[in-house]
Structures are given as structure tokens and as C-alpha cells.
Amino acid sequence: MTDLSQHTPMMQQYFKLKHQHPDQLMFYRMGDFYELFYEDAKKAAKLLDITLTARGQSGGKAIPMAGIPFHSAEGYLAKLVKLGESVAICEQIGDPATSKGPVERQVVRIITPGTVSDEALLDERRDNLLAAILGDERLFGLAVLDITSGRFSVQEIKGWETLLAELERLNPAELLIPDDWPQGLPAEKRRGVRRRAPWDFDRDSAHKSLCQQFGTQDLKGFGCQNLTLAIGAAGCLLAYAKETQRTALPHLRSLRHDRLDDTVILDGASRRNLELDINLSGGRENTLQSVVDRCQTAMASRLMSRWLNRPLRDRAVLEARQESIACLLERYRFENLQPQLKEIGDLERILARIGLRNARPRDLARLRDALAALPDLQNAMTELEAPHLQALATTIGTYPELAELLAKAIIDNPPAVIRDGGVIKTGYDAELDELQALSENAGQFLMDLEAREKARTGLPNLKVGYNRIHGYFIELPRVQAEQAPADYIRRQTLKGAERFITPELKAFEDKALSAQSRALAREKALYEELLERLIGHLAPLQDSASALAELDVLANLAERALNLDLNRPRFVEHTCLHIEQGRHPVVEQVLETPFVANDLALDADTRMLVITGPNMGGKSTYMRQTALIVLLAHIGSFVPAARCELSLVDRIFTRIGSSDDLAGGRSTFMVEMSETANILHNATDKSLVLMDEVGRGTSTFDGLSLAWAAAEDLARTRAFTLFATHYFELTVLPESQPAVANVHLNATEHNERIVFLHHVLPGPASQSYGLAVAQLAGVPAPVIQRAREHLKRLETTSLPHEMPSQQSGKPASPMQSDLFASLPHPVIDELSRINPDDISPRQALDLLYAWKMRV
């Protein structure tokens, strides 16, 4: 620590406080500014684009300094939090008028990316999560806290791959890991990673602190008693939250045990490829959520995002949601609910700020308005017969006493902050009313007093006045002073007048001189009392907020079902996926022409479709729409199809498109193979797999062989698979794999121009239309013409070469010119003798590397 003796008393105070918070930027309150010094000032000046200056000297050197006005701090804090910085807010808690030496200061809260709760610093449509992990490569404990809602969950996860996929789903703003973990672990590639002392994860201490927080003897009631790693992580989160908030956390009331087996698992690649709530460019437009989310409240939009990113496998829950949506669609009942739900606002985060004791006056006004809207909402719900909706109505309840309390206490349009008062309504508190009246109506009181005293004494020249030295007084001319009543007490003698004070005027003086400051202090005290009373009702209010958010989502899904022509899917016990007239919910919204709907049939007999057809023909759209229909069904929503019948799936995999992972040192093909390996290792007969153009990132031989072997492996696994490819050789797979069928996207050529029809038809495609697509893309005409010449020559010189599945003597399916025929080589002879059914994917990969060395 710096030698404090070299510095001024004020800077000594600063260094002592900064020493306690070395990792945070210190916002040090000085009058109307927050000042930053030394390295904090340099960093803030760069990040916030503010002026770096100097404040005199301390220790013989100029002090780098940067400052921001305290009344506009929110905007700067928001920018710092988005950049991943943490800030310690140091306020003046002493009175400058009475302080000897520097005004007493104290860090009142720490703002970090994962614990921020201020409305202005948050994205209202996204969860803001704090996470912690503990364990090793075999088993991890993961704890997740949303301090802005009170949701607190734990789970245990096997292996880095599953953990990283879960972290990508959660996308925490801040991630805590033990300080004794080795450097460079996969988790550290994420944003907002902070190392904490190993003892912060101590499991015994964590168990004790969690039980104390929830008021229980143990954690058995939460179903996580034996999750020792997760409990250690949760204890670290709780300690970190208390450290940063500097207050109790009454809105953290329970711990939820999340289980991956209860959900449809999507890895990071699948979530990105399906563009659930973030598109491939990082924006929110043209995503699934942008189409299906018309929720009235921000808390419902966040719940919708959680549903989309964590589909369920609980058929009872899903069918209860479906029944609720159907009920809300009857007689357009959702239309009666949505305007009333809009009045509720973001109740979830308002209640969290009340629990954190940093709720602002407008939060209480919004809570008042929300509670006032509940009776009408309850009346509208009385006709809803669906059991799940009735249960939600019971949980929502009404709070007439709290609604009345807030209506009496808070003015209609309060200011943003309590700092300057003007929040509490007149008539709520007699003492406050009197103080405010004294402060605001002192002049009128003095005029009334003067009139009364003139009438009482009969002295017409009597005056009531005030000066800063002697205070309030009654003044009489010297000649009338002897006629002053007995209760007049002499206060000051002037040359031509005498000044007096009376007990009534003295009492008024005592009140009036301090009325403004006392009124503000009283108003702040009343505000704190309001918060305390609300905290006493926090548990049922939070339950109501959760139920209101779910009701909003269900009403939204009913509205979307009506306006997007969605229909109720049916879950069945036998394994199948049947879709009639399925549509892509996002693509059809942006098309200027009608979307071409298509069917899909997968069941016990057909587990895989090999999809061929031209580029831009609709293969990827067809596959993605299938995944989105399945996903929507697994959140309980209606789906964009005329009819859908399906069994529950355990995972949705997508291998669609790739790009280089330059930061990770991985090529496009390496990324593609990593995703393929993940699918081959983890797909089951209950999974849905989308494979698009596997093998295109390497040489023709390698790519075709890998695609072939991967398709055969998935066929043996019996996962529901859509396998799109331009390797027409793969269309012979049904001859060796009975559970595989061919379909194609049709197109036609007219005047050497391609016309995409987008219909999915049985059987393989007859040609690829590659040159027509190139022409459509704007490839120069001479290049297209030269390509046609090359194509004709290749078609005449390349003879069909017998593929493994044709050795039975069956005729080959239509395909492009064989890629092997014009390239005689010993490797081809070896390849022709191999039966792909007899080798594993690993053996195929080994052979490819061996052949590559020889070619």
C-alpha cells in the first residue's frame, strides 16, 4: 500500500478505500461530481472518452484525475458495465458543515456486470445472469443467479463440452471461478470471468450460508442436498452478491435444481444456426423470438427467451400449456387479457429492486398501478376453464391493502429519485404535511400572525418580520412598545423600534428554520418504511409476478397462433415425426411471395431423409423449419403446420454452415468436423439431427467418404436425420440402409434460367443446376459459357463407376457425373473394395489420412 504520510488527508482517505477495492473503478464522491484518480482516471478517460486532467499534487506528484457529474452518472455506468468493468460507488455519508478534516465517505455498493440492478443499466428483454462453477473435467457444479428477479439455480454437469454448451445457453454477464484453477481453461475464453479465492467455494460454509439465507435447516427441500459441487458454487455466488450489494437479499428465497435430462438439449452451434433469439450477425431481427414474441411485458419476453433456449421434455407440462393456449383462443379471450397485462409492467425487476432497497419512486408508482390492475385481470380470468390458467389466477391473487397503501402514499407522477423529495402524497403523514406546510407557506403564516396580533393588541403599526441573525420577530414603534402584551418577550432594541418574540412565534421559528431539511428527512424515512412494508409481502408478490409473466407468454402464444396460422401439435408415445404443410415461421414473414409449405414423415420405418437439389432450392430452409417446428412444440406452443404429430425428442443437433474459428486456431473444416464428431458421439434414437453439406470443406474423396460414413453411422443410431448433400453418390444409401429415404427440392430451367419450385418430392434430384445458380448469382457470361464446355467434356469422358451399394447388381440412382471415374488411381481400387457398412467412422477417418498421404 502507498505510504500515506506523503499525501493529504483527503487522498489518504481515498487510498484506504481504494485499497479495499483494487479491482474496481472507484467513483469517489466530491460534491456534485464522482472523481476518479490515478490509474482509474486514466482507464475511465479512455473508456468513457472524458477529459483526463490533474488535481494539484500529492506525494510530490501531480494526481491524474477524471470526473463525471453525479446526476448523469447512470449513462457512464451503463457504458462501463457493458464493457465488463466493475465500479465501486463511494458516497459522502458525513456532513461537510460539521466534519473536521475530510468528509466521511463509504463504499455503499459495487456495480458489476452480473449484479447490476438499476433499470437504466439493464437490457429489459434479456436476463442478466451471474454464474459460478466448481469442479474438474469429470464433474462440475454450476450455480446461476439472476439478482434482478431472485431466480437461483444449481446443477451438476459432466465434462467441459456439456458445461460450455450450458454456459453458451445461459450467457452469464459474469462468471466466477476458483483462483487455484490453472490458467487458460476453456471457460476463461468467455467474457466477464473473475477469479475468486478458493475458500469462497468452501462447501460447508456454502451449505451454512444458503440455509441461513432461506431460513431452513438443510437443503433437502430444494432437491440439491447431495450436489456438493453445485452448493459450493452457489455459496460463492451468494457471498459475492452480498459483498456487492451491501444489503440483505430477501428476494432470494429458494434454490432450484435444474436437470439437463428434463430438457431438449441444444448445443451452441445448434442454437446459433437456428437463430432462436440472436441472428448470425449478432442482432435480434429475423430471429424466432422476433416473430413469436408479442408479449405485453418485458418480464414475459425474458421468460419466452428462456423457454426457447430451454425446451422441455415433460409432456404433462407441454400439454397443459397447449390446453391453456387453446382456451385463450376460444372467443379470442386473449384479447381481453393483453391490455390489462400491459398495465402490469416489469413487476419482476421492480420487486427485486425493492428487495435490494434501491427501488426508485417510479418503481413504487409502477407497482401501485400494477396492483390496481389485478382485480380487473382476475375478473377477466374467471371464465377461463383450463386448469393451468385457473392455477395461475390463484397464484396471481390481489393485494387490496398494498394497492391502497401505495395509492395513499405515492403521488401520481413521482420524480425519478427520492433525493430531493416530492414523492409522498399530501395527507399520508400529518408530520410531513406540517413540515411541508411550514416550508412552503411560511410567508402566509406570518401574514396571518400579523393580522391576528394587530387585532389582539389594537396596535396598527405592528409588523412581523425576519432576519438571518435574530430570526423571526414582532416589531413595534418605540412609542408603542410600552403597550406590548405581557407574553411579548423583548428580543432586540433598535433606535426607533423594539422587537419582540412570542411563544407561538418561537415555536414557529424552531419548526420553520429547519422545516425543509426535516421534511426531506421525514420523507426519506417514510419511503424507507414503505420499502420495509413491501419487503414483508415480497414472497407472494414474486410468485404473482412469475404467474403474470407466464400468463402473458401464453396469451401471446394464443395471439401468435391466430395471426400466424399456427396449429396445435399432438404428442404421441410411438416414435414419429409427421408434419403436414410445415412452414418456416421466420422466412415466411420476410418473403414477398407465398411460402411453399412441405410435408415430412419420419417414423419407425424411415429414420433419415437424404435431401438433394440445387443451391437456393430450399434444402436448408426445409431442415431448419423442421427443427423450429419441433422446438416450438417442446415449449408448448402451437406450430407453423397444418398438422403435426411427434414423439418427444432428447436433443436437436444442427450441422449447417461453418466459418473459421481464427481465435481458436481452427479452420472451417476443423469446425465442421468438430460439430460432426459431437453429433456422432451424442445423438440417440430420440434425437433430431440436421446435417447440411457435410464434407464440403475438404477434397472430394475425403468429403464424400466422411459424409457417407457419417450418414451410415446416424442411420445405425436411428436418430431422426435430415441429411442434405450435393454428393449425389449418397442417394444410393437406401439400398443398403432400409431406414433411409431420398427426397429432393425440385426446380426447372426455362430459357437457360433456373426456376426454384421449393416443393419437396420423393426420390433423388436429377441434376444440380449449379451453372444456373452461378448465372443467377452474377458470374460473368463468358465464365458460364466456358463452364458449360467443361461440363460437356466431363460428362462425355467420365463413365459411371460402380459404388459399393451397387455391387448387388441393382441399378444406380440418378446422380451427377461420377467424381471418381476420370481419376484412375490405386486408391480408387482400394476404395471400391471397401464396404462402408463394415467400417466405423474412426476407421474411415484413418483410411482417409492414409490415402491422402499417398495421393
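Even glycines carry a Cβ here, placed using N, Cα and C.
Lifted from Swiss-Prot, the feature list:
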BINDING   G613, P614, N615, M616, G617, G618, K619, S620  ATP binding site
REGION    796-816  region 'Disordered'
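Around the Cβ of P614 (ATP binding site), the number of neighbouring Cβ atoms within 10 Å comes to 23. DSSP gives S620 (ATP binding site) a helix state. All chains included, 20 other C-beta atoms sit within 10 angstroms of the C-beta of N615 (ATP binding site). For K619 (ATP binding site), the same-chain residues 6+ apart in sequence whose C-beta sits under 8 angstroms from its C-beta are I611, T612, G613, D692, A724, L745. Scoring each of the binding-site residues (G613, G617, G618) by how many neighbouring Cβ atoms lie within 10 Å, the top position goes to G613. Around the Cβ of S620 (ATP binding site), the number of neighbouring Cβ atoms within 10 Å comes to 22.
Its own atom aside, the Cβ of M616 (ATP binding site) has 18 Cβ atoms within 10 angstroms in the protein chains shown.
Apart from G613, P614, N615, M616, G617, G618, K619, S620, the ATP site neighbourhood in this chain, defined by C-beta within 8 angstroms of the site C-beta centre, holds L745, A747, F756.
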